[in-house]
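Peer 1: This is the structure I want to talk about, given as structure tokens.
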Amino acid sequence: MMASSDVDVQGEGSLFSDQIPSEMDALCPSPPGPSRPQRHYERIGGRTGTSFFQTLIHLLKGNIGTGLLGLPLAVKNAGLVLGPISLLVMGIIAVHCMELLVKCSHHLSAKVNRQSLTYGEAVQYGMENVSWLRRHSLWGKRTVNLFLIITQLGFCCVYFVFLSDNVKQVVEAANATTFSCSMNYTNQTEILVPSFDSRLYMLCFLPFLILLVFVRNLRYLAPLSLVANVVMSASLVLIYFFSLTHITYPINLPKVGRAKDYPLFFGTAIFAFEGIGVVLPLENKMQRPQTFTLVLYLGMGIVTFLYISLGTIGYICFGEHIGGSITLNLPNCWMYQSVKLLYSFGIFITFALQFYVPAEILIPPVVARVSERWETAVDLLLRTVLVIFTCALAILIPELDLVISLVGSVSSSFLALIFPPVLEVIAFHTEGLSPVKMGLNMVISAVGLVGFLAGTYIAIEQIIARNALKHTDTLSSYLVL
């Protein structure tokens, strides 16, 4: 999943500069377009801007990632009936908030006579619209930028855990891997040759990911990104096929999960739906921006369908044994071991795209303070430090499902649910909003805030509990020896 805004960082001394880059900028740069009132109808030039189909593909790519593979466990936490219903409701709310962001961006950019606004700038100019918030408007933008950084680095942490868990499983089952793809009775890939701890696998990936992020121009990674998208799509087709063809009857799964587990569902679901950061960059790059609403509804409709279907089918297929990623439940035959490796390759390449945003926000202000001869060295050093930082966080919390839920609860809830309704209230402060809209905005923001508090608390509690259990088991094994 990607999140960012659509401008570059140049010559700013502040850590959170006025403009924020996006991985979309490198792979799909913004054309020089006319003013906002003109762009609202059609771009001038005929060749500039992205088409309807290209924008749709970018929207799908920005919303489909590791979060999708964790949704079967999310449905388990919510229940077989409550889970899909909750995903549908969350999808509707997510699309509504994305539409609010675009609407507020149009309104505010027309007011300040700007061609386009980033997410952070929209919040800044929205706060300037309210007299008693005007003095603090810059902090509104910086707050959004901070959550964008947290989200993107959180995605990178999730990728470390995903890569280590899946490759570790393939290595451990290598001696038993066959051409027969029948599912074993425990619905789990058999682990026959124990190998290193998953955290050691993260350290093995570390130097390769550092080398990957040394590629500062993402255009050089565009061909690999295309290959990654193709293999991840093929892997999803095979995952759907296996799950649909291995459902056992009767289905005796809880219709409603435990109340204590529902916050974990919320965190995972909002992690998956947090694609709001790509909305403004995509809309700003369209050849005919007036069609973006249709792209948004169509694209997010497809995304919501995929989320509900894979989450439900995956849970029905693997039941109580479902893992943090559905790939961890696939059998140890060569076809599905290849699925794990291919999807891992796609995630490996996507790491560079997710890393691009925090790197381009945090590194340029530091590089600007050193002499020209040291610029490249300092740039590469800071990239290395950031990757090591994300790896260290992943090593501290090597639980895929809990990392996903924690990142979703902490940062995605603010970007996707809390900020957009608040932005509409302050952006249309002088025009006035109907009581129905005000009430709806308050409810959505309240849901996001409760989800943030409960999801963060439960995720941290579960992380502490699992770590304590692991330490107890390790101590017991030493005592037995």
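The chain as shown is numbered from 1 upward.
Including glycine, each Cβ sits where the backbone N, Cα and C put it.
From a predicted model like this one, the values you see are computed outputs, not experimental measurements.
Per TrEMBL, the features are:
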type: DOMAIN; residues: 49-460; note: domain 'Amino acid transporter transmembrane'
type: TRANSMEM; residues: 78-102; note: transmembrane segment
type: TRANSMEM; residues: 144-162; note: transmembrane segment
type: TRANSMEM; residues: 198-215; note: transmembrane segment
type: TRANSMEM; residues: 222-242; note: transmembrane segment
type: TRANSMEM; residues: 262-282; note: transmembrane segment
type: TRANSMEM; residues: 294-322; note: transmembrane segment
type: TRANSMEM; residues: 342-368; note: transmembrane segment
type: TRANSMEM; residues: 380-397; note: transmembrane segment
type: TRANSMEM; residues: 403-428; note: transmembrane segment
type: TRANSMEM; residues: 440-460; note: transmembrane segment
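Relative to the rest of the structure, where do these features sit?
Peer 2: With a cut-off of 8 Å between Cβ atoms, the residues of this chain six or more beyond the transmembrane segment (144-162) that come close are 1, 3-5, 16, 20, 65-66, 69, 119-120, 123, 198, 202, 205, 209, 274, 277, 325, 344, 347-348, 350-351, 354-355, 357-358, 361-362, 386-387, 389-391, 393-395, 397-400, 403-404, 406-407, 410-412, 414-415, 419.
Among residues of the same chain six or more beyond the transmembrane segment (198-215), those with a C-beta under 8 A of the stretch's C-beta atoms are 160-161, 163-165, 167-168, 221, 348-349, 351-352, 355, 359, 380, 383-384, 386-388, 391, 394-395, 398.
Within the chain carrying the transmembrane segment (222-242), a Cβ under 8 angstroms from the stretch's Cβ atoms is held by residues 27, 61, 64, 68-69, 181, 306, 309-310, 313-314, 317, 326-327, 330-331, 335-336, 339, 342-343, 345-350, 353, all 6 or more beyond its ends.
Outside the transmembrane segment (294-322), and at least 6 residues removed from its termini, the chain residues within Cβ reach (under 8 Å) are 52, 55-56, 59-60, 63-64, 68-69, 71-76, 80, 83-84, 87-88, 91-92, 94-95, 98-99, 102, 186-188, 236, 239-240, 242-244, 246-248, 251, 253, 269, 272-273, 275, 279, 282, 286, 329.
Sequence-distant contacts of the transmembrane segment (440-460) (same chain, six or more residues past either end, CB-CB distance under 8 Å): 93, 96-97, 260-264, 266-267, 270, 402, 405-406, 408-410, 413-414, 416-418, 420-422, 424-425, 433.
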Peer 1: With Cβ distances under 8 Å as the criterion, find the stretch in 78-102, 262-282, 342-368, 380-397 that has the most pairs with the transmembrane segment (403-428).
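Peer 2: Of the candidates 78-102, 262-282, 342-368, 380-397, 262-282 scores highest.
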Peer 1: Cβ under 8 Å to the transmembrane segment (262-282), counting only same-chain residues 6 or more beyond its ends: which ones?
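Peer 2: Sequence-distant neighbours of the transmembrane segment (262-282): 1-6, 22, 24-25, 30, 50, 55, 58-59, 62-63, 65, 67-68, 70-71, 73-75, 77-78, 83, 86-87, 90-91, 94, 97-98, 101-102, 105, 116-119, 122, 148, 151, 292, 295-296, 303, 307, 401-402, 404-409, 411-413, 415-417, 420, 451, 454-459, 462.
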